[in-house]
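As written in TrEMBL, here are the features:
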TRANSMEM  31-49  transmembrane segment
TRANSMEM  69-100  transmembrane segment
TRANSMEM  121-140  transmembrane segment
TRANSMEM  166-199  transmembrane segment
TRANSMEM  211-230  transmembrane segment
TRANSMEM  250-276  transmembrane segment
TRANSMEM  296-312  transmembrane segment
TRANSMEM  318-337  transmembrane segment
TRANSMEM  349-376  transmembrane segment
TRANSMEM  382-412  transmembrane segment
TRANSMEM  424-443  transmembrane segment
TRANSMEM  463-481  transmembrane segment
Amino acid sequence: MKKPFSRNHINQDLLRVDFWRKIALQKRPPIYVKNTLLFLLSLLIGFAVTQSLKTAEGIPQEAAYMGGIFVIAAFLWITEALPLFATALLVIALEVIFIANPGGWENMGFSNGESPSYKTLLAPFSDPIIYLFLGGFILAQGSVKEGVDKAHASSLLKIFGGKPLWVMLGFMLVTAVFSMFMSNTATTAMMITLILPILSTIPKGDKFKKGLVLCIPFAANIGGMGTPIGSPPNAVAVGFLRSSGFEISFMQWMIIAVPLALFLLLFAWLLVWFLYKPTDKGLSIKTEAHAIDARGYFVIAIFSITILLWLTDYYHKLPSAVVALLPAVAFTSTGIINRTDFNNLEWHILMLIAGGIALGLGMKLTGLDQIIVGLIPDNNTFVFLLLIVTTILLSTFMSNTAAANLIIPLGISFATMSGFTENTMFYGIGISLAASLAMAMPISTPPNAIAYSKGELATSDFIKTGTVIGAVGVLLILFFVERIVNFWLELL
């Protein structure tokens with residue numbers, strides 16, 4: 001009996017003629033063959049772009065190499081031929097080899113002037129935003145492990161009583177608040193678990209069942225806008241803004257994003273309620289209580305102190321990334337987070353953020369960002385609208401973090417050329433918030449996918465509600481965020 005194809009035999013299989021004959025006869029080749037071909041195609045396209053740019057007038061060698069790297073990254077992030085974090089690591093590796101050129105090889109590095117140190121291109125791994133996100137992951141991990149998340153959520157939900165209208169609002173508000181400080185995915189999984197007992201009490205065929213499931217991922221996506229650690233695109237924006245000389249604190253981000261998120265959340269609540277009102281007018285809902293122990297109260301104390309320090313950095317002057325070390329030290333030293341828990345943190349997200357920062361840094365160092373921006377029409381409103389719509393479209397069908405990695409550096413570079421500080425802040429923050437508005441498909445975000453997996457929803461449910469919420473979100477970003485950014489900068 002012949003052995004089936006396996007990852008352990010990939011290298012041997014690829015060298016055999018009969019293997020390729022067998023693949024050709026199959027209607028659908030194994031996924032690793034497809035991904036291998038896509039990866040090779042990305043390298044071929046990247047090489048072609050590099051050579052084309054090298055022969056173009058006025059484009060230096062380093063910008064040509066960076067153009068090829070950008071195309072490879074975009075192709076792989078869109079097709080997901082490699083894991084997203086693997087593409088991020090590939091970006092950094094290619095930049096070190098072709099841009100920094102530590103080996104001093106001919107026809108690599110900068111054509112005029114000294115190439116940047118390889119340490120400069122490896123610096124994104126230790127960017128403060130990485131430590132800020134790491135602290136957020138550890139806070140979330142400790143809360144989930146000790147049951148603090150469910151206990152707090154169930155306590156808060158009691159405030160909203162048993163009427164379906166207010167129960168839905170309660171679930172959305174609690175989900176949004178948790179999503180500001182925890183992974184949107186983890187928050188959605190937790191809240192879906194909390195509503196399962198409630199779903200069993202709702203009569204079969206009642207539209208409210210769909211509405212209650214649907215409101216959770218939407219609230220998680222919207223809530224993630226509220227803080228720098230709420231969603232990876234936010235971290236990408238903070239990192240790019242910092243590398244461009246613009247600092248934005250934890251509190252400043254919240255002042256800009258929370259009002260928008262709250263308004264959008266209330267709109268989403270009313271929209272979902274209007275479309276999925278309960279058929280049973282006398283329906284009453286009860287939530288279950290969850291208890292916590294002494295370790296849980298310790299987690300609550302550290303969680304509260306950390307958030308308080310993040311919100312008051314104006315007074316104590318401690319950077320948010322430094323404050324993020326508090327839960328890391330407190331939870332690991334007391335055993336709340338052990339080695340297994342630490343290994344299970346979402347390291348792939350941190351690598352993806354680092355890769356995105358490195359991509360933007362490489363574009364800035366080589367001048368590729370200025371070359372691309374020079375091709376864009378000089379129309380501020382049109383360009384911004386184009387960038388946020390492109391971000392939403394890309395994020396609908398691929399990782400919103402990867403989309404932010406591609407679009408934010410272009411937006412910030414265009415805004416920087418305008419010479420107005422508020423434009424740079426507006427573009428960076430606005431594009432990152434737009435990445436969280438892509439929720440029109442089950443595959444758009446992990447929260448959407450989790451809700452869809454429960455079997456209560458159809459794709460059409462996401463399309464008809466997610467599209468409207470996204471469109472309203474775009475209008476809010478256009479007319480609301482810019483005014484808050486300008487107001488805040490005037491105060492400073």
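Start at 1 and count along the chain as shown; that gives each residue its number.
Here the Cβ of each residue, glycine as well, is placed from N, Cα and C on the backbone.
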Cβ contacts under 8 Å made by the transmembrane segment (250-276) with residues that lie 6+ beyond its boundaries: 165, 168-169, 172-173, 176, 207-208, 210-212, 214-215, 218-219, 222-223, 225-228, 234, 238, 310-314, 320, 429, 433, 464-465, 468-469, 472-473, 476-477, 480-481, 484-485, 488
Recorded stretches the transmembrane segment (463-481) and the transmembrane segment (349-376) touching, at least 3 CB pairs under 8 Å: no
Interface check, the transmembrane segment (349-376) with the transmembrane segment (69-100), three or more C-beta pairs under 8 A: yes
Sequence-remote partners of the transmembrane segment (382-412) [C-beta within less than 8 Å, at least six residues beyond its ends]: 70, 73-74, 77-78, 80, 84, 87-88, 231-233, 236-237, 240-241, 244, 349, 352-353, 355-356, 359-360, 363-364, 369, 372-373, 376, 424, 426-428, 430-432, 434-438, 440-441, 443-445, 470, 474, 477-478
